[in-house]
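Taken straight from TrEMBL:
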type	residues	note
ACT_SITE	181	active site, proton donor
ACT_SITE	382	active site, nucleophile
BINDING	35, 136, 180, 311, 428, 435, 436	substrate binding site
């Protein structure tokens with residue numbers, strides 16, 4: 001994704017033609033436990049790092065927390081009926097670790113697991129395939145107190161938890177994702193500190209990234225042994241990284257960010273090794289002494305599929321000057337070893353998050369994973385956009401979000417036409433929800449949530465997506 005000399009095979013998308021997807025294409029939508037469930041202290045659930053973080057002054061916009069969120073814990077049957085009304089073929093959700101294994105160790109919490117038993121049964125009863133994510137950022141707080149993801153022991157605890165979930169749900173759940181966007185957990189949680197747990201140390205961030213991958217590999221091994229028919233994978237957030245100019249300095253800046261944003265996880269998981277240039281870039285941050293013999297073999301345990309979350313592209317430029325002080329390289333940053341790289345805006349349309357809208361980048365991303373890394377089936381496990389929504393006469397019209405989905409689904413179709421084994425697409429998100437440090441100020445949902453009444457209002461994008469699913473493709477414009 002930092003390869004401007006090799007453009008994607010399909011660089012120009014036909015925005016007007018009909019686009020029919022392959023038979024059996026898996027159409028879905030996605031959410032995450034902390035973002036929608038609420039019921040933070042009910043049913044035996046104990047605090048996660050996001051409970052602690054959001055209740056710490058200054059960490060989230062307006063002090064918003066996930067204590068209530070979308071109250072999905074109490075409204076789950078109605079939400080599943082809403083999914084069925086939209087015609088979803090699959091629903092990607094995450095299990096709350098502190099809900100099913102309070103404290104992060106010991107026996108399963110039966111009341112917490114019962115919620116997911118009922119969710120899975122409700123989905124299957126409506127003909128919706130459950131897609132289970134084991135970890136979407138809500139580490140039990142006691143495990144963070146014991147060191148968190150920079151501590152090696154957390155990887156083993158995660159594998160134990162994964163086994164508990166598979167034992168309870170694996171007879172009905174076919175698709176398991178170990179981690180959602182481990183880059184965010186490592187580099188936003190332990191590097192810049194803008195996400196839970198809010199720690200800021202580059203070496204810790206790198207260790208966290210390694211132990212997240214180690215936990216992934218250990219969990220895949222455990223689930224493979226106990227559930228040989230399960231489809232096992234990981235979801236990574238990927239970005240094409242483009243140099244701002246043709247200068248060698250900007251090209252090197254793009255290489256450095258690509259190494260951290262994309263190859264830090266792709267290479268160990270799919271190739272069994274860290275990129276040599278990444279290791280060199282991080283020499284001021286860590287000596288990789290936390291990597292033990294055999295770790296990379298575990299991390300690269302064979303998978304059945306790879307999930308790709310795609311939202312935008314990075315455009316980067318070389319630093320204007322490079323500080324000589326050694327302490328600078330350990331300053332809080334989600335880009336350890338490269339905090340001096342500049343991120344450039346190009347004046348193109350952006351979402352309410354300020355992220356560039358770049359649908360061709362999805363083609364580029366999917367082609368790169370397929371051509372450079374693996375022949376495994378790929379799934380777009382998240383893709384979506386935040387825009388400001390308004391309720392007018394009881395309706396929500398969101399043409400910008402609809403256009404975003406349309407452009408990116410055309411990109412997905414172009415990737416399939418170019419030979420990418422893309423097997424499914426999950427819109428982010430099913431419903432508006434707690435958008436992490438942004439609280440409730442950013443809306444990604446196809447369904448509007450009135451947080452005062454908890455009323456759900458399908459937006460025009462939801463009705464459009466239901467039609468896409470019904471016809472298994474896009475209508476001609």
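Just so it is clear, glycine is given a Cβ too, placed from its N, Cα and C backbone atoms.
These figures come from a predicted structure and were not determined experimentally.
Feature annotations (TrEMBL) mapped to structure.
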residue	record	contacts (Cβ under 8 Å, 6+ apart)
35	substrate binding site	66, 69, 70, 136, 429, 433, 434, 435, 436
180	substrate binding site	32, 94, 133, 135, 136, 137, 235, 309, 381, 382
181	active site, proton donor	137, 235, 236, 237, 309
311	substrate binding site	237, 239, 353, 355, 382, 383, 384, 385
428	substrate binding site	29, 30, 309, 382, 383, 384, 444
Could you check the recorded positions 382, 435 and say which one's CB has the fewest neighbouring CB atoms inside 10 Å?
435
For the recorded substrate site, whose residues are 35, 136, 180, 311, 428, 435, 436, find every other residue on that chain with a C-beta no more than 8 angstroms from the centre of their C-beta atoms, and list them by sequence position.
32, 181, 382, 429, 433, 444
In the three-state scheme derived from DSSP, which category covers residue 435 (substrate binding site)?
coil
Quick check: in three-state DSSP terms, what is residue 35 (substrate binding site)?
helix
Within 10 angstroms of the C-beta of residue 436 (substrate binding site), the count of other C-beta atoms across all shown chains comes to 24
Within 10 Å of the Cβ of residue 136 (substrate binding site), how many other Cβ atoms can you find? Include all protein chains, please.
25
